[in-house]
Amino acid sequence: MENPDSAFLLFRNAPRLPLATMHTPLCGDSHQPDFAFRKPARDALLRPWNGRNHRCGLQDGREICQGQLPAHQKSYWSDCAALPRLFRAYGGAVVRGFLIVGNKAFTQPFSLNDLPGAGRMDVLCRCTSQALFISHGIRRDVEVYLLLLGPPSPPKSILIKGDEVRRMSPDERNVAGHIKKALAVECGKSWKKVHSGVYVSRKGLEELIEELSEKYSIIYLKEDGVDISNAQLPPNPLFVIGDHEGLTEEQEKVVERYAALKLSLSPLSLLAEQCVVIAHHHLDRLQF
């Protein structure tokens with residue numbers, strides 16, 4: 001970079017935009033700034049960065065944060081509450097994601113008259129409904145990922161995008177109909193569009209969460225995690241939630257390799273759909 005003591009907003013296919021110049025390097029002259037907005041195909045998404053060495057202030061009436069990250073050090077999120085507002089001020093889209101792991105959820109079309117008998121498909125449907133729907137509307141900034149690991153041909157992953165999905169209603173049967181239709185489509189490792197806002201692939205847990213970690217800050221919801229009331233949440237959070245049985249030890253190890261934070265919503269073990277509602281409630285109050 002032209003000035004190693006400056007923080008920049010970096011956009012794909014766009015010139016560098018200097019925010020401000022630091023008077024002194026925060027992590028030494030040999031380290032480059034790591035404060036960047038990356039712009040994937042559609043939405044500008046914030047890359048997690050090191051929040052322990054940063055400044056906050058005002059420039060042209062806007063809140064800004066600055067920081068540098070040693071090249072050898074893993075990126076972490078900033079603990080600055082101004083980041084979501086900063087991100088929106090420069091045209092970014094702060095999004096939310098939910099990954100629901102269904103260890104026994106069927107991976108072939110199933111009967112809509114027996115959702116619990118389809119590997120507790122009812123749990124995944126309720127989580128999807130609570131993640132996407134509000135009164136008389138849908139959350140356009142939410143993506144739901146369903147990982148189905150039941151018989152007969154696991155794994156299968158289903159993606160539902162709030163800003164694209166059509167003709168979906170909050171009831172379990174309707175959501176299940178969209179999932180059933182997705183399972184009837186032949187697919188490979190790449191996402192294949194089923195219809196508006198619904199995609200399917202054969203990604204397993206590690207492939208899926210590695211892909212999601214490029215776009216989201218992964219948060220694993222677990223009773224023994226950091227209390228949500230004391231936690232500083234990263235931008236673009238994606239919450240990983242187990243089904244009625246939770247995650248296996250092996251799955252937990254995979255998730256924890258990519259997780260920025262292990263978060264507790266309650267000391268009690270909650271229903272999966274309750275976790276979705278509480279996470280939304282907390283982010284709504286923070287105006288994420």
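Note: Cβ is positioned from N, Cα and C throughout, glycine not excepted.
Per Swiss-Prot, the features are as follows:
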- Leu221, Lys222, Glu223, Gly242, Leu265, Ser266, Pro267, Leu268, Ser269, Leu270, Cys275: S-adenosyl-L-methionine binding site (BINDING)
- 1-94: region 'Unknown' (REGION)
- 95-288: region 'Methyltransferase' (REGION)
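Within its own chain, Glu223 (S-adenosyl-L-methionine binding site) has Ser264, Ser266, Pro267, Leu268, Ser269 as residues 6 or more apart in sequence whose C-beta sits under 8 angstroms from its own. Comment: S-adenosyl-L-methionine site residues Leu221, Lys222, Glu223, Gly242, Leu265, Ser266, Pro267, Leu268, Ser269, Leu270, Cys275; largest CA to CA distance 16 Å, whole number.
In the three-state DSSP reading, Cys275 (S-adenosyl-L-methionine binding site) counts as helix. Taken together, the residues in the region 'Methyltransferase' (95-288) have a mean pLDDT of 95 on the 0 to 100 scale.
In this structure, Leu221 (S-adenosyl-L-methionine binding site) is part of a beta strand by DSSP. On its own chain, Leu265 (S-adenosyl-L-methionine binding site) has Leu221, Ile228, Cys275, Ile278, Ala279 as residues at least 6 apart in sequence with a Cβ closer than 8 Å to its own Cβ. When secondary structure is read from DSSP and collapsed to three states, Pro267 (S-adenosyl-L-methionine binding site) falls in the coil class.
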